[in-house]
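**Q** As annotated by TrEMBL, signal peptide applies to 1-19. Taken from TrEMBL, the feature domain 'LysM' covers 21-65. Look at TrEMBL and you will find 146-274 tagged as domain 'FAD-binding FR-type'. Look at TrEMBL and you will find 209, 229, 290, 356, 357, 366, 395, 396, 434 tagged as NADP(+) binding site.
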């Protein structure tokens, strides 16, 4: 197992032998996988090859790996074979992660996965999750504006295609186990610099939902992942983006590179927590854009840990139903992960998309998230009021009126009043809303 770990570590984090290395894209290769393999930043690969996004590669492409490597940003005290393999599986964001372990010295020759790396899978090594994270009280406001925590960026990668409306990045931050959290909570981020509205004062804290399970994307309990869209402002008078009006914190995070220090507060939030004792229920998740973050954390907890052979005290025999609304296919976030769950857990996971620029609703208009949920109005109503299910909303506030009107319509058809029913859902902690 230790030999396998060493080989896996070498494959993922060994520095490239030269300042510029050529790599021919093989089946299963992704920019994030190559970045980990050669020890470079994913964005540098995108820039060096003139790619529109990290998704713009195809089998047979010849890529330039631009710089010398850096030390793999996983704490060495946790580099057991299982940690390395599990971290690689998540960060590659591919269904089966095939064909991405060729030796760096022969990177221009596509090869099948190395047997040693396969032997280092978590189930084979007996690696277990740090189950102490299952115990103890809910972590809440451990760090504050006056006493913040300083985290460090491990990875920052664009995760949308060239036709997406805007830029969204997956940002992994290392906290070394000192800032634990639960699924559904948020971190606060204080961007560097002075508050432009309050000279002499620091910038205001911004809250971001955490997009990883409590174990983090390396399953060692020492990282957390944020999903951040870069906020920009298009000035019609200038005919260009106005940098003076861009989002201070989102741009700071999206511009981060491995090693960037992040001033953080929290974790905070109780509304979006998975309710205790609800493991056997149906959980309906309705997301727009980066509102997917808490739901990715739920689904990691529900499915990912068991799918790669890791054991947890928490088991999920229930059902998860995800509604995801974005503009087009290029704007989908973590789609490969969700497709993997759909393939492995078809009886437990349902995944419905609303692509406003690619799909039409029943009336011929754009397909928004509320239109997609409406297609299942009776089923959603039954899950909530007859099966004790839970429904969660995260993303744009504009989706809420349409969904509530839809549920009210179902209630009216059944001869019931909606307002008392909504109060019942809230009282029973079945209705969870975090919109903006």
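Even glycines carry a Cβ here, placed using N, Cα and C.
Curation plays no part in TrEMBL annotations; they are all automatic predictions.
Describe the structural surroundings of these features, if you would.
**A** Secondary structure from DSSP puts residue 209 (NADP(+) binding site) in a beta strand.
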**Q** Quick one: give me the count of other CB atoms within 10 A of the CB of residue 357 (NADP(+) binding site).
**A** 14
**Q** Once the DSSP letters are reduced so that anything not helix or strand counts as coil, what is residue 357 (NADP(+) binding site)?
**A** coil
